Amino acid sequence: MAAAAAAATSTSTTLIRKPSSISPLPISKFTLPFAFNPKKPRSLHISNSRSKPASASSTTASPATTEKFSFSRFSPDQPRKGADILVEALEREGVKDVFAYPGGASMEIHQALTRSDRIRNVLPRHEQGGVFAAEGYARSSGLPGVCIATSGPGATNLVSGLADALLDSVPLVAITGQVPRRMIGTDAFQETPIVEVTRSITKHNYLVLDVDDIPRIVREAFFLATSGRPGPVLIDIPKDIQQQLAVPNWDVPMKLPGYLSRLPKNPNELHLEQILRLISESKKPVLYVGGGCLNSSEELRRFVELTGIPVASTLMGLGAFPVGDELSLQMLGMHGTVYANYAVDKSDLLLAFGVRFDDRVTGKLESFASRAKIVHIDIDSAEIGKNKQPHVSVCGDVKVALQGINKILESGGAKWKVDFRAWREELNEQKVNNPLSFKTFGEAIPPQYAIQVLEELTDGNAIVSTGVGQHQMWAAQFYKYKRPRQWLTSGGLGAMGFGLPAAIGAAVANPDAIVVDIDGDGSFIMNVQELATIRVENLPVKIMLLNNQHLGMVVQWEDRFYKANRAHTYLGDPSNESEIFPNMLKFADACGIPAARVTRKDDLRAAIKKMLDTPGPYLLDVIVPHQEHVLPMIPSGGAFKDVITEGDGRRKY
């Protein structure tokens, strides 16, 4: 699932100033993110939904705060700084790890973090690395990720990560320092109106104007980030609020009546039976599952077991259903398998669960599943009918809906018995005739082969992160993901530089797991500084770099649609094209990380095995030919009939 549309306006709080003879502050060219007139309330607009019904009462508690918090560094009536209140509020939400980079406006928060023995700060080397690491933490664990940055450039460096989390529905709480309240709107040093900047790329955001609001705002932020359709929430805290002494009231209720009232109820059983009737009447049904199914993998597998319906996954949905299962069609869409796209094109019933009919999946909308009736289940009402009008829709949690459907199937006996063997045999024939394959380039290493060997040596159990580009698509095609939250990639935004910091977050959240960043040279170098974080934290992140010296995906489009005219897509040194540039091994060496380079296919298996067997972090620079293309490929805006299955950069088009 991608993220909900526009975010809400920030919460306003009354700011009481002492009488002063100082003249009013000049108003800057930026709109202030709070009202000057405290008597005029601002409306709260929040777009999201949650699966289970909740009371509209403002006293509803966040799930994370239901467990009693029994420890505090302060006595109940002891005044403490706002920064200490913030850190304890995070502790009360169960936060154990944050990714925070200090600066002038956030120093107080970092000082408070040093006084906490419950929260570990993993210091990134760039704020974008911090927010992507928080995403990797959240994507791999299902828990909200937390990142902290200072005001101005620190806060704006979070923007790509917030947009990425919104589009891919990742629970994230971002905390930023802000200039003191009296300086807001004066174009002060390192001042940016980050609430305004991020309004449309967060699920909700807050500007804290009263230290007493911190406990409530933090509770609301985590509740909003994790309930319904997950997403990023930003809390902007002025420095004087961080420094102000106060005694916190931890029992102040949340104030989200409008949000709670809009959370969807459990699905109606009549609607679920209507879906089952459509299934029983169909001959060629297909499941189209996305990121919205990551929390309902068990229910999805049971549904497939009961019905025998084949499963096609989106990029975000990989792992929700085991890719290696005989009923898996793997990924559909622009670079999906021929048989997945064939199944959707020929289907008479499309069961769209936790998806948003993204353009990279559908291509030409009019041609997508044009023969099929469509059932759409999604937790976000804004997605239903947005791109493709369904015949039956259920706005609710896919997990709850599948539980209901499975219960009806299990208790219905012969009434709901279905047999799709003929359809599965037709699709199995497509699998035989149109398998995923790749070319050979003499002794050079096919990038797909490198991923196959990695999958074999890790037994398909690694947590895999990627950057964006050709390597990302090959990792989606050739690694057989067994479970949800094993596959971490920037889907909706397509943010290069995501892979390395996301692997950091995954390694922090899953200390006993094998974590591999399959990266491209273009994406890797965008956040290469995070090698320092990996070394200092001694995180066992393995980096398999598919290095073709080019921006591979753009090169592929140049080959196909621009007569192979190279327009600034070569990343090496034009004056010495025979040498690999830059030397990625020296980046690793500078950070004390062991590294090696492999150029021949015959040496690849031993090199990957050494990478996996070496304790701690390791970088393997795998040199691959830039002429290889990601296939199959349905051109942008095309239909299944336009699928390309042949060719590479060695021929002209």
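Just so you know, glycine gets a Cβ as well, placed from its N, Cα and C.
Curation plays no part in TrEMBL annotations; they are all automatic predictions.
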Report task. Examine the ranges 1-27, 217-243, 352-378, 595-621 and name the one recorded by TrEMBL as region 'Disordered'. Result -> 1-27
Report summary line: Checked against DSSP, the composition of the domain 'Thiamine pyrophosphate enzyme central' (272-404) is 53 helix, 27 strand, 53 coil
Report task. For the domain 'Thiamine pyrophosphate enzyme N-terminal TPP-binding' (81-191), give the DSSP counts of helix residues, strand residues and coil residues. Result -> 53 helix, 19 strand, 39 coil
